[in-house]
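Following: one structure in structure tokens, then a few remarks.
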């Protein structure tokens, strides 16, 4: 197996530029280079992050949400209990296709519209509470804030922080520093924890894009570490962390109902996001990886693969920028930010759903009324008979 990996996976043509071999990357007591085995620590470290998040959300974030006034006031209309639909909902799909709607309609002896309404109501029951969303945002805010400050502390005295062309001086024989190692491993473990928890977190509008982002980030960081793209990788991490903590803080104040603070933070986030993701990232990072790197070595497989992953991230930046600008336009028209178009829109009520929910309430009231109608009718008949008997003697003379 080891020989097979050395022959196919660890071929120096994939990882190293022309003219450099693995013999040139031999470590000494004073010089250490990134090793693929170092990445194994990120998996148990991601589990530590998940456990830390569990404790943080319950011991810190939840009490903080109560102090900030987060309230869970929305109570969706409960779907009528139906064993067949409930089993299908949990085991197969929360959004059936048309053919499945038709099949369920026959099984339950209900119309297709009633089946569709049941699934909408059932999905609304699983909507996360404001407290849950606040706790998730608070956890991400805490990590991104600490990571951004730690990244600044690690990179502020490095020459490539001020001049990205320094990323390629002496590449790939660039020694790995302890601060860079832990900065990389911590960030990579955190993204592993996000990917492992993405199915259990609040499902947002850009769920698929978030999954792609996490996978691309993990591949990008893993490959860049093995290929010793550490200097560029640390710049990519810092650019991303610069705006993420602002978004999460805006979400926290939004769930707490602090509209003015939320709107102010959102506009600060918008400015930082557009500058860092659409200006700094392509001008500084992409330019240095595409062009300045070729001044020091010829392109090879790792060069193309690394830049392809960076382009995927840039496309996601453009996608999210469009959603953010859409929110800015809504603010200009409506006067405030209604919701987070970027990554925090759950399944919202539409007018049709509200009408159908009202119809469901009316049907329940009608069923209750119908169940009480026989007893009311019997009471009315008895009362009439009693009145007739009591009034019969007094009416007889008049009849005569």
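Glycine is no exception: its Cβ is also placed from the backbone N, Cα and C atoms.
The average pLDDT computed for the DNA-binding region (87-130) is 78. The DNA-binding region annotation in TrEMBL covers 87-130.
Taken from TrEMBL, the feature compositional bias 'Acidic residues' applies to 343-360.
For 85-129, the entry in TrEMBL reads domain 'Homeobox'.
Positions annotated as domain 'TLC' by TrEMBL: 132-333.
Residues or ranges marked as region 'Disordered' by TrEMBL: 342-362.
For 39-56 (among others), the entry in TrEMBL reads transmembrane segment.
Residues or ranges marked as transmembrane segment by TrEMBL: 137-156 (among others). Using a Cβ-Cβ cut-off under 8 Å and counting only residues 6 or more beyond its ends in the same chain, the transmembrane segment (137-156) has close neighbours at 53, 56-57, 60-61, 64-65, 179-180, 183, 186-187, 190, 234-235, 237-238, 241-242, 244-245, 248-249, 251-252, 255.
Positions annotated as transmembrane segment by TrEMBL: 181-200 (among others).
Only residues 6 or more beyond the boundaries of the transmembrane segment (261-283), in the same chain, are considered here, and those with a CB under 8 A from a CB of the stretch are 236, 239-240, 242-243, 246-247, 249-251, 253-254, 313-314, 317-318, 320-321, 324-325, 327-328, 331, 336-337. Look at TrEMBL and you will find 261-283 (among others) tagged as transmembrane segment.
Annotation comment: TrEMBL describes 303-329 (among others) as transmembrane segment.
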### the domain 'Homeobox' (85-129), counted residue by residue under DSSP: helix, strand, coil
32 helix, 0 strand, 13 coil
